[in-house]
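Engineer: The NAD(+) binding site annotation in Swiss-Prot covers Thr73, Cys156, Leu157, Thr231, Gly232, Arg233, Asp257, His285, Ile286, Ala287, Trp288. Under the heading active site, Swiss-Prot lists Arg233, Glu262. Per Swiss-Prot, the feature active site, proton donor maps to His285.
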Amino acid sequence: MKIVFLDSTAIPKHISIPRPSFEHTWTEYEHTSAEQTIERVKDADIVITSKVIFDRETLQQLPKLKLIAITATGTNNVDLVAAEEMGIAVRNVTGYSSTTVPEHVIGLIFSLKHSLAGWLRDQTEAKWAESKQFCYFDYPITDVRGSTLGVFGKGCLGTEVGRLANAVGMKVLYAEHKDATVCREGYTPFDEVLKQADIVTLHCPLTETTKDLINAETLSKMKKGAFLINTGRGPLIDELALVDALKTGHLGGAALDVMVKEPPEKDNPLILAAKTMPNLIITPHIAWASDSAVTTLVGKVMQNIEEFVQQLHQK
């Protein structure tokens, strides 16, 4: 079996990647562009990738390909319909980040409520050293306990975020689907969550109905001074509308671990805004990436490959 790993830098270098037990050849590339994909994969039986695009046109030129093993949960980079038509299996990994993502979200909540980014930025400019008092009060500090958290997406991540939030004294509301006519038990109507929540956190999948879920209209329905957190998918948010809501002061702040385009352009409006807005926190899509989570991820990727090859030999 010929295995090609197309974007190995999607795994931190200090995490060792196990090799399959069956006889194989292993070729690894740090990055692969769209123009390089076909040449690198044309003789491969198995491809490992995180984000390299496999659309219908690309898949049609890879007759030897049997399996695409994705080092992530999302499968948006693969045309699943075309892959099925061509007999190419696609395997992703779920559940590996069920601790690290919720912990990241809780950390962002505390960072926003206590204005940590602003205080940290000030210290690079020695502002405390210039103070005439033992402290100073340039940024608002509000308690997490007693705040209301609106969770959009009640899967394993959203549920765990809610559990942790309850543990630190927050009230948790799970939002019903935006256009739902009936509100399920355990959920709160979509607009009501926007109205009540001091913090909104996004954990829903990216679909045609959730793209731009948070836009100018929904932002206007949020409580003035509320915070927005997104560790889900970048396109869940209309980025320009978010910048406007921050600039006008309608939102108290935002924390993002994902963007519409990744990596973002240097002139992305949010990237530019973060340079001057202490209430805007951006982390580079690393909420999922604790050492234990990544170790679990690569282990499950290899398990997917091993199981696929075993099934292949049984046919």
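Quick reminder: no glycine exception, Cβ is built from N, Cα and C everywhere.
Here the structure is a predicted model, which means the values were calculated and not measured.
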Engineer: Work through the active-site residues one by one (Arg233, His285) and point out the residue whose CB has the fewest other CB atoms within 10 angstroms.
Structural biologist: His285
Engineer: Whole-number Å distance between the CA of Thr73 (NAD(+) binding site) and the CA of Arg233 (active site)?
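Structural biologist: Cα-Cα, rounded: 11 Å.
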Engineer: With an 8 Å cut-off on Cβ-Cβ distance and a minimum sequence separation of at least 6, pull the same-chain contacts of Asp257 (NAD(+) binding site), or say none.
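Structural biologist: The answer is His104, Leu108, Asn230, Thr231, Ile282, Thr283, Pro284, His285, Ile286, Ala287.
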Engineer: Max Cα distance spanning Thr73, Cys156, Leu157, Thr231, Gly232, Arg233, Asp257, His285, Ile286, Ala287, Trp288 (NAD(+) binders), Å?
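Structural biologist: Max span of the NAD(+) binding residues, Cα based, is 19 Å.
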Engineer: Counting only other Cβ atoms and using a 10 Å cut-off, which of the binding-site residues Thr73, Leu157, Ile286, Trp288 scores lowest?
Structural biologist: Ile286
Engineer: Can you grab the distance from Trp288 (NAD(+) binding site) over to Glu262 (active site)? Cα atoms, rounded to a whole Å.
Structural biologist: 15
Engineer: Return the count of C-beta atoms lying within 10 angstroms of the C-beta of Glu262 (active site), excluding that atom itself.
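Structural biologist: For Glu262 (active site), the 10 Å Cβ neighbour count is 10.
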Engineer: Could you give the Cα-Cα distance between Arg233 (active site) and Glu262 (active site), in whole Å?
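Structural biologist: Here the two Cα atoms are 11 Å apart.
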Engineer: Cα distance, Glu262 (active site) to Leu157 (NAD(+) binding site), nearest Å?
Structural biologist: 22
Engineer: So how many other Cβ atoms are close to Gly232 (NAD(+) binding site), meaning within 10 Å of its Cβ?
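Structural biologist: Cβ-Cβ neighbours of Gly232 (NAD(+) binding site) within 10 Å number 26.
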